[in-house]
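Annotated domain 'Helicase ATP-binding' per TrEMBL: 283-450, in sequence order. The Zn(2+) 1 binding site annotation in TrEMBL covers Cys523, Cys526, Cys563, Cys566. Residues annotated as Zn(2+) 2 binding site in TrEMBL: Cys532, Cys535, Cys550, Cys553. TrEMBL lists 558-712 with the feature domain 'Helicase C-terminal'.
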Amino acid sequence: MAALAHVVPLTSVDGVYTYRVPDEMAAEAVPGARVLVPFGRRQITGVVAERVDGGTDGLKPLHDVLDARPALPPDLLALTRWVAEYYLCAWGEAVKAALPSGTEVESRRVARALAPPDAWDEKRGRAILRALHERNGTGLPVAALAEVLNRKTVPQNLLRRMEAAGVLEVEHEVQDASVTAKTARHLRLGDGAEDAEVRGAKQRALLDWLAEAGEVVLQAEALAATGASSSTVKSLETHGLVEAFDAEVERRADGMDVEAVPPAAPLDLHPAQTAALEAIVGAIQTARAETFLLHGVTGSGKTEVYLRALREALDRGKSAIVLVPEIALTPQTVRRFRAHFGDRVAVLHSRMSPGERLDAWTRIRDGVYPIVIGPRSAVFAPVGDLGLVVVDEEHEASYKQFDPAPRYHARDVAVMRAYRAGAVCVLGSATPSMETVANANAEKYTRLEMPERVPVRGPDGTTRQPAPLPPVRVIDLTRERQIRRLKGALSHDLREAITARLAKGEQTILLQNRRGYAPVLTCDDCGWTPACRDCAVSLTVHKASHNLRCHYCGRAERIPRPCPSCGSPALALLGSGTQRVEEEIEEVFPEARVLRMDLDTTSRKGAHRKILDRFGRGDADVLLGTQMVAKGLDFPRVTLVGVVEADTGMLLPDFRAAERTFQLLAQVAGRAGRHDLPGEVLLQTRNPEHPALQFALRHDFHGFALGELGERMALGYPPYGRLVGVEVKGPHEGSTFALADRWGAALRTEAGRVAGVEVLGPVPAFVGRVKRWWRVHLLVKAPRSLPASVLASLVRTAEGRVKTPSGHRVNLDVDPVGLY
Ligand SMILES: Nc1ncnc2c1ncn2[C@@H]1O[C@H](COP(=O)(O)OP(=O)(O)OP(=O)(O)O)[C@@H](O)[C@H]1O
Ligand SMILES: [Zn+2]
């Protein structure tokens, strides 16, 4: 009998593999520790799942233990296993999601010369030896040798012969990403003369972006934001327009954006807050794993309740996790938590470098920060002795991960994590998801309601009364166009309302949930419209960067003129994106100071914060943007909210379209009149009768939910049904559909054995081609009463019967959210 370890490899290969534990590693190779193991011809990172005793016959030894203290505490290791089983992915994929990116150790084969170049009498071998000599000491990764020889593949045979002859050696070398991630390519504007040399739309986009950034930026970030490639950088570099250089990645001491925030004292709670807090505290005190739905209208003071509950948990020596949608990680939110808990709060966000993330993660694990606030992935933060998990804006779709697997829903993982830890979970929202409402209706979750806004000073200045929810007016755009001959995007009434705010020095938030200048460019004569070469969507006109862009893959192209199809000069722009609305506001209100907030103005680190800071200081009159402006903002001087087009998204073929529309409208409406100044909301729409809009207009969540839940029940959709999405992707239309058909057949065979399970599809995805991948969908639908595990094993069985041809991919998505 010897010591053995069951190891979860950190790959998409499912399963647990057993290795021998050498004596010198016995003390450290405990469950949760990262280890280096031989895996096929590679050496990869894994995590020890379990230690057992047994025979060592044919077992390979662990190569190394990478942690003196286990990377994953036992509770998280167990949680990842649940995630893998529920979300139908490999355990290793779930473990990877729980570890900070960059903790993975890769090994690669590196070659070193042992003899001079002329020791080999054939051309290719000599070239290899020469290249190795240039890099002596460090050696050269074998993969890079292909490039040396200008070939597609590495000549493995030649290498073996050279190794056998003793002129070179090839060794496995371990690379720790957490160490190597420290330097990276940076860019800044060069001082070459502009414009003349700039040809492509991508070059221009990159230059514009760098000009706006006005500082040194990570190349990767700049390329991701503009769709430019490293060859774009190279050609700009030759013209002296851009400088590229390697530099150390800025890494703050504690991985966080520390800013001194003056401490705040707790407020006197109003009665509804007190009642909610007492229920939550009661559960924390008795360490009762209870899940609460904190349903409070916008501005009802939910955050104040979270703060007090967190304090209770901390006072009992417990730690806590607060999940917020990425978009809500605004300086405002973070400051409120910092004001109460100072440097006991760790803030995680997606813009952290791998090094920063690793630092923060290590310190959280070491117990430095008892409170962690962050987006989706923070649900896996390695805090010990968990007492409370808060999920703010629990209805947000961004809690669901799309790619890569695990396609988990952070809210549901949060509920599960809290439950397993005996901790309290609070799901807060003004517009809870139908899933959560159904769970509250079924009394699985305890419902806490705060139906009124926080009291403010009344007109006499002394008595306090709840600030009313703002009155909402609907403007029928179809009528406006007919009767008032409306040309632009802003109706007469909306213009008047903005004028009134400008006169009073009050602020306006405008929502237009579509970025770019115009969504459609079309030829008036032949009807031609530009489409992406790689995706089945049309290209959006971007005026700021003078190009057409694909919002799916980022491809940028020059705006054609004349029409490439018929030569007519009559190219028209249809519809408005944020850029076009901005232009209209600037035309109509030349004196107004406008800030635009969308993906294009916030792609830089810190940009989002800067915009909101300026608006908060009163340096702007109008904040215009996509859904980013709809959520979580609390500015006392905002008295007008205008929705330019309430219809975007309303009519999408998705069973959640109405729910999403209602949520967006109710949330954005909730930004107006939150304090002493009364607010007003104007919704412009072409579908004034749509129920989502009608209920939002009356601030009637319960009315909306009642109708919506009725429909879901009738159709067997969530929350009354279970769904598993199967996305089949491939390089050719025919082969992709053929694979989807085989999946359909396998799923139907399995579904035939279980009552109530239905298989829908295959059908082309809503966007049938993205980045050259054809996409076909199937949907497995089952009644809620069927246990999730039964549905999971049904899909797994079908999966085992269909072979995925090379170059194709199949993604399983449990509880899918939205169209993709
Ligand atoms: N008890 C209280 N006394 C005075 N002011 C309060 C109290 N509770 C909250 N506030 C203030 O009222 C405003 C709204 O509260 P908060 O932002 O917590 O609401 P919310 O429910 O989280 O809002 P939303 O869901 O719209 O984002 C904030 O400015 C907050 O500081
Ligand atoms: Zn595209």
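Glycine is treated like the rest: Cβ placed from N, Cα and C.
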Spatial neighbour of Cys526 (Zn(2+) 1 binding site) that is closest, considering only the binding-site residues Cys532, Cys535, Cys550, Cys553 and their CA atoms: Cys532
Subset of binding-site residues (Cys523, Cys563, Cys566) lying within 10 A of Cys535 (Zn(2+) 2 binding site), CA to CA, in sequence order: none
Residues within 8 Å of the Cys532, Cys535, Cys550, Cys553 Cβ centre (excluding the Zn(2+) 2 site residues themselves): Arg533, Asp534, Val537, Leu539, His551, Tyr552, Gly554, Arg555, Val770, Lys771
Close-lying binding-site residues around ligand 2 among Cys523, Cys526, Cys532, where CB distance stays under 6 Å: Cys532
Rounded Cα separation (Å) that holds between Cys563 (Zn(2+) 1 binding site) and Cys532 (Zn(2+) 2 binding site): 16
Fewest-neighbour residue among binding-site residues, criterion Cβ within 10 Å, set Cys523, Cys526, Cys535, Cys550, Cys553: Cys526
Additional residues around Zn(2+) 1, ordered along the sequence, whose Cβ is within 8 Å of the centroid of Cys523, Cys526, Cys563, Cys566: Asp524, Asp525, Gly527, Trp528, Pro562, Pro564, Ser565, Gly567, Ser568, Ala570, Leu571
Rounded distance in angstrom between the Cα atoms of Cys532 (Zn(2+) 2 binding site) and Cys523 (Zn(2+) 1 binding site): 16
Cys523 (Zn(2+) 1 binding site) to Cys550 (Zn(2+) 2 binding site) - Cα separation in whole Å: 18
Site with most surrounding Cβ atoms, counting all protein chains shown within 10 Å, from the binding-site residues Cys532, Cys566: Cys532
Local backbone state of Cys523 (Zn(2+) 1 binding site), from DSSP in three classes: strand
Cα distance (Å, whole number) from Cys553 (Zn(2+) 2 binding site) to Cys566 (Zn(2+) 1 binding site): 27
